[in-house]
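Per TrEMBL, the features are as follows:
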TRANSMEM  A:25-43  transmembrane segment
TRANSMEM  A:55-84  transmembrane segment
TRANSMEM  A:133-156  transmembrane segment
TRANSMEM  A:163-182  transmembrane segment
TRANSMEM  A:211-231  transmembrane segment
TRANSMEM  A:252-279  transmembrane segment
TRANSMEM  A:299-323  transmembrane segment
TRANSMEM  A:335-359  transmembrane segment
Amino acid sequence: MTNPVQTLTKSVTVNDNPFMKPVEWLSLFLLAGVILVVLPLMLDGFRLNLVGKYLTYAFVALGLVICWGYAGILSLGQGVFFGLGGYGMAMYLKLEASSIENTKIQSTPGIPDFMDWNQITALPWFWQPFKSLPLTIVLAVAVPVLFAMLISFAMFKRRVGGTYFAIITQAIAAILTILIVGQQGYTGGINGITDLRTLHGWDIRTDSAKFILYFVNGGLLIACILAAQYVKKSKLGRILVAMRDKEDRVRFSGYSVAGFKVFAFCFAAGLAAIGGAMFTLQVGFMSPSFVGIVPSIEMVIYAAVGGRLSLFGAVWGTLLVNWAKTSFSESFPDLWLFGLGALFIAVVLAFPNGLAGIWREHIEPRLTRRAKSLQAPEPAIVPPHGAPAE
Amino acid sequence: MLGDYSLGDLGAIFAMQGFAGLILFSVYLLMALGLAIIFGQMGVINMAHGEFMILGAYVTYLCSTFCQTYLPALFPIYFFIAMGLAFLASGALGMLVEWGLIRFLYKRPLDTLLATWGLSLILQQAYRSIFGAREVGVELPSWLIGSVQVTDTIEIPINGLFVMAVTILITVCVALLIFRSRFGQQVRAVMSNRAMAGAVGIDTEKVDRYTFGLGCGIAGIAGSAFTMIGSTGPTSGQLYIVDTFLIVVFGGAASLLGTIASAFSISQTQSTLEFFLSGSMAKVITLLAVVGILMLRPQGLFTLKVRR
Amino acid sequence: MADDTETGADHGLRSPLRRRLLMGLAGAPALALMPRKAWAAPPTAAVNTTGLAVTDTEVTVGILHSITGTMAISETGAQEAEKLAIQQINDAGGVLGRKIKIIQEDGASDWPTFAEKAKKLLVNDHCAAVMGCWTSASRKAVLPVFEQYNGLLYYPTFYEGLEQSKNVFYTGQEATQQILAGLDWVHKEKGGDSFYFIGSDYIWPRTSNKIARKHVENVLKGKVVGEEYFPLGHTQFNSVINKIKLTKPKVIFADVVGGSNVAFYKQLKAAGIDLSKQVLMTISVTEDEIDGIGGENIAGAYACMKYFQSIDNENNKAFVAAFKKMWGEKTVIGDVTQAAYLGPFLWKMACEKAGSFDVDKVVAASPGIEFKGAPEGYVKIDENHHLWSKTRVGKAKTDGQFEIVYTSPELIKPDPFPKGYQ
């Protein structure tokens, strides 16, 4: 059996390729068109808000494409970064919602309600920076990235391999969940941080605000795709692929393998954090259930369904899985897990490259032929794609 | 907190606490043994491991209800029958899954994670559809309930001792099977060099199928034994999965001895910490310690010397 | 938004026509022959001015519980009771002459999913009321949604209090209502003066224990010798059981939930703690949980609830019989199941009192409503949207039922913001 992943790495081996090939521009416009024009025209406010929520997961899936697909680092703890980003934003929003006026029935007005319930009488120090919006925006991304750096630096220095890293990140997700749930006076516990109202005085609960936030989210997502594309196309991206396929050779060529891996992991963490912050803004609360293991694995599945080597695929995959989840569960509340489980198995068995694989094998060749882009046939030499684990 | 108690009291508590740790150790080891074979030997990340355990638990439940209604004479010893059946049921399902799913994925170990995650969703829903969403209670024969009075103050739970005995038995069997039998020789050969093993005439596909089945079967036994100390419901399997993986990884994936050592150290740490701290913090500190040590020593406690 | 105006216009068009038809009919002698219900239903335009999903014959109500995930174990009973209540209401002619149509959604034991589905039920399906949620976390997640879109939620679980919303009716007990009478009883009858608290690590056990601690220390002048919390889903309790043996409390006060419950009681029994000698009071074990724990493992423990399946009155006998007829002989009924059963009836009575499905009118009409047919006996809705109810103490028996050993003499007033207990 030939490895179907091979065809996908083709573009990377061409040295003098442009930032994006015509087909890729086409995919980008298609995606942008659907997200920013078609869906808003087609869907009502409620469904559009749902799509907005799904798209926040797409940030995580994008990060996973770089970190798992290209650098070969599978993380089962992306929920940690999504959650940290989301909590950062939620802390700011909660402080704004807990003005002295709003909370005057509490024994200590001016602090979030759950702190008051837990006999905390002053705002803890780590909540203080989240009184300011600019600082919050910086911290919501910086904290997860620094945390990712801390985790990954120690591990990649010691050359922790694929599966091990996956299990360790999973354990970290478990630890953080228990910690957040256990320290409910400081974190809101299992309820999470709820009842968020305004962003710098702007009521985010109204339909118009949700509409605007949807476009902000969509725009940010496109920007992140371009950023990821830049990483992928730069020399860095090629080193990542080389590393994934033959780590030792890259090391012997004088590159610091650990450094590049740390970068890829932090990049993915940063994207996840942006997603988390946008999630909080659109949904209006943050809950420890995102930090746990189940959502972290689900996010990997989004990337897998979309195709782990395709940035656009990741977004489509996220939309497809979530759409399937919502519509299965609305029509068959008793049986929807069967459908979802079968979908995952089918994707892994039949379409190991996910949606992107289908696109590249069946649709793209036709497009290219039709466009007659008159390029000489590309050399079919491809680095053998081993399992990303090794 | 210990100042107010007499020496005798303290001695009794330490003895019981020691046993609590040993029981936890047996539980952890039993959970991890099946996975140590599947993940450690075969490299398959089986996220449905917990569901295979729960299958064993449900088989035990069926057995207990059946014996109560039709064969009350057998009830005192039904637990042994149930364990055997649990092994067979989970093992058979495991072999079926290997044949239908896992064998296509040996070259892509991380994909097994996704596929088995899908499988675990399906199994959970299947249990829910068949047995209902509520937990089921498994009734124990009376000799398994209660505790042994060692001295006036020291009491040891019988079901804990029983789990310990089962664990020792299974561990010894697995060790013999892997290191002393012809089948074990083939398993080890296939795992260390698949192509070469095939070349010398080992039916690698068959070995894979039986190995996976064996791992799942042991999970089934574990699930059966856990009906004595835990809950049996469609989602109970998920409670075990993180701990189990961590134990196997901490031990050094390919080493049976490592799994035993890691189950021992994690259980003792947790059990001791639980005594002095609150339950949540004990868990957090234990997991943190494990992660910390893994960062310093990524290959786990014990490792085969393999050139990578 | 577009949806709302459309349905509004729709009603506007249809209703005058219908009214004219009815008026025309009013003179017809044939009217006397028609079944009474057919014309007793007030016109849709009159009972629904806010665009809810109400037609001439139907009114839509949502049910939002976890059917999948870890909480499905607990929430199944609540969901079944709500369906039973709705069926009974429909058989008796419905609400304001309209049959109740159910839309069920799965919260999947995941709080954000609860919020998403709640929004769907309100914004997409325009449900006149929603029966649902179980955990505090899911309620907190949907609360802003119900407040923003002015929905109506009937919440069945006993919970920690500290909350009161215009849009929610709490048909279970809040913490002081549930706990205090039980503590008084255990203090008086069992001489409980030292307590060991053990719970799952989240807001309800922590708040309940906080209230219990204040009561024990300030009112009963007893002491709390230990307080422990374990992560949800924790299954190993041997260490804490040793600690309990060491501290020798008079009373173990337990609010462990879910799968942990099963492990806790099985291990307690195995460790040789005999519940006929050691007093254990739990506020989290109902008949539903005993099904999983096994009656022989928990026999002798005391539970403090407002409802037990074994309550001996006519209402309850009829309820238990109907429930078993619908969901099988083997099913058991716990406190929350019964509280969930109240929801649809309380809503029906409020609608009928208000003569409308409009949320604001239903809310305004609710306080003071009395339900004499409740299985637990008589209940009434307080100004603060909680129920007045009695508290009972039951002793668990090996067959999984409780023997009621104490019933508070009077209905206890709900007090979600108890003074002196915060």
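Cβ coordinates are placed from backbone N, Cα and C, and glycine is handled just like the others.
Bear in mind that TrEMBL entries carry predicted annotations, made automatically and left uncurated.
Between the transmembrane segment (A:252-279) and the stretches A:55-84, A:133-156, A:211-231, it is A:55-84 that has the most C-beta pairs under 8 angstroms. When Cβ-Cβ distances below 8 Å are used as the criterion, the transmembrane segment (A:335-359) is approached by residues 4-5, 8, 27, 301, 304-310, 312-313, 316-317, 320-321, 324-325, 328-329 of the same chain, each at least six residues removed from its ends. Take the transmembrane segment (A:25-43) and the stretches A:55-84, A:133-156, A:211-231, A:299-323: counting Cβ pairs under 8 Å, A:211-231 has the most.
Long-range neighbours of the transmembrane segment (A:211-231) within the same chain, counting only residues 6 or more positions beyond its ends whose Cβ lies under 8 Å from a Cβ of the stretch, are 19-20, 24, 28, 31-32, 35-36, 40, 45, 48-49, 51-52, 55-56, 58-59, 62-63, 65-66, 204, 237, 267, 271, 274, 278, 281-282, 311-312, 315. Taking every recorded stretch in A:55-84, A:133-156, A:299-323 and counting its Cβ pairs under 8 Å to the transmembrane segment (A:163-182), the highest total belongs to A:55-84.
Among residues of the same chain six or more beyond the transmembrane segment (A:55-84), those with a C-beta under 8 A of the stretch's C-beta atoms are 35, 140, 143-145, 147-148, 152, 162-163, 165-167, 169-170, 172-173, 176, 180, 217-218, 220-221, 224-225, 228, 231-232, 237, 240-241, 243-245, 260-261, 264-265, 267-276, 278-279, 282, 286, 288, 290-293, 295-297, 299-300, 302-303, 306, 308-311, 313-315, 317-319, 322, 388-389.
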